[in-house]
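The following features are taken from Swiss-Prot:
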- 30, 76-77, 103-104, 107, 109, 128-136: 5-phospho-alpha-D-ribose 1-diphosphate binding site (BINDING)
- 38, 39, 132, 160: orotate binding site (BINDING)
C-alpha cells in the first residue's frame, strides 16, 4: 500500500533534502547497520530554516488533532524544536501554548531545578527530532510523572520505522511502537519512512532525467525497510 502524502509532508521532504538534512547514499549507523539514507535535524541551522521547520511541526500537530497544555523539548535537540513549534502554533494556528525544556544537570543556585520555562502541568506534548532507542523519551516521562503531569504524546520529524536489536536479535517492534505500547500515548511524525519512499517513487515515475538516481535510492530504502523495519497500518 502506498503511503499517502499530505501537501505539507511532500514540502517537508523537499525542504529536508534541500537543507541537507535528509541524504541518500550509504551511511554507517551507530548500530553498525549500513543505511541507504541519513536524517540529521541538527542541520536545520539557520533562522529561516528553523522558522519553517516549526511550521511543519505545527501542521503535524494540527493535522493529528492532539491537544496539549504545554510543549516540552528534551535537551538538547528538542529545545529549539519546542521553541520554534510554540512560535508557529501561535503565529499560524492561534494556539498560544507555553513551552519548557530540561537541563542535563540540575542547577544548584538561583531557582534551581532542571526544568526551564513553563511548569510541567496538565497535558505535556513532547517535541523531538527522531526516536531511535526511546531512551530520551523514557527520561522525559520520569520528569513528567515527577511533576504530576501527563504526557499528551510525542511529535517527531521522521518515523524511521526501524527495529532495534538485543541479544536475541531483531526486536519485534520499532522504538516508536515500544514507546506507544509502554506509555499508551500517540507518537506523531511529520513524515514516515514509508512516505519518504512514496515521495521518491512519485518523483521517479515522473521520469525527469535529474531524478533517475532516485530509483536506486528507492530500491535501497525499500530493501532496508524490509530487512530492519516495520510496516505501518494505513
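Every residue gets a Cβ built from N, Cα and C, even glycine.
For residue 30 (5-phospho-alpha-D-ribose 1-diphosphate binding site), the nearest neighbour among the binding-site residues 39, 132, 160, judged by Cα separation, is 132.
A C-beta separation below 8 Å, combined with a sequence spacing of at least six in one chain, links residue 135 (5-phospho-alpha-D-ribose 1-diphosphate binding site) to none of the other residues.
Each of the binding-site residues 77, 104, 160 was scored by the other Cβ atoms within 10 Å of its Cβ; the lowest score goes to 104. Counting other CB atoms no more than 10 Å from each candidate's CB, the binding-site residues 38, 39 peak at 39. With a cut-off of 8 Å between CB atoms and residues at least 6 apart in sequence, the same chain places 41, 42, 77, 78, 81, 156, 157, 158 near residue 129 (5-phospho-alpha-D-ribose 1-diphosphate binding site), listed in sequence order. With respect to residue 39 (orotate binding site), the closest of these binding-site residues in Cα terms is 131, chosen from 104, 131, 133. Taking all protein chains in view, 13 other C-beta atoms sit within 10 angstroms of the C-beta of residue 133 (5-phospho-alpha-D-ribose 1-diphosphate binding site). Within 8 Å of the Cβ centroid of the orotate site, not counting the listed residues 38, 39, 132, 160, the chain contributes 29, 35, 37, 40, 130, 158, 162. The Cβ of residue 132 (orotate binding site) has 16 neighbouring Cβ atoms from other residues within 10 Å, across all protein chains displayed.
Recorded residues residue 132 (orotate binding site) and residue 104 (5-phospho-alpha-D-ribose 1-diphosphate binding site) have their alpha carbons 19 Å apart, per Cα-Cα distance. Taken residue by residue with DSSP, residue 132 (orotate binding site) is part of neither helix nor strand, so it is coil. According to its DSSP assignment, residue 77 (5-phospho-alpha-D-ribose 1-diphosphate binding site) is coil. Each of the binding-site residues 30, 131 was ranked by the number of other C-beta atoms within 10 Å, and first place falls to 131.
For the pair residue 104 (5-phospho-alpha-D-ribose 1-diphosphate binding site) and residue 160 (orotate binding site), the Cα-Cα distance reads 26 Å.
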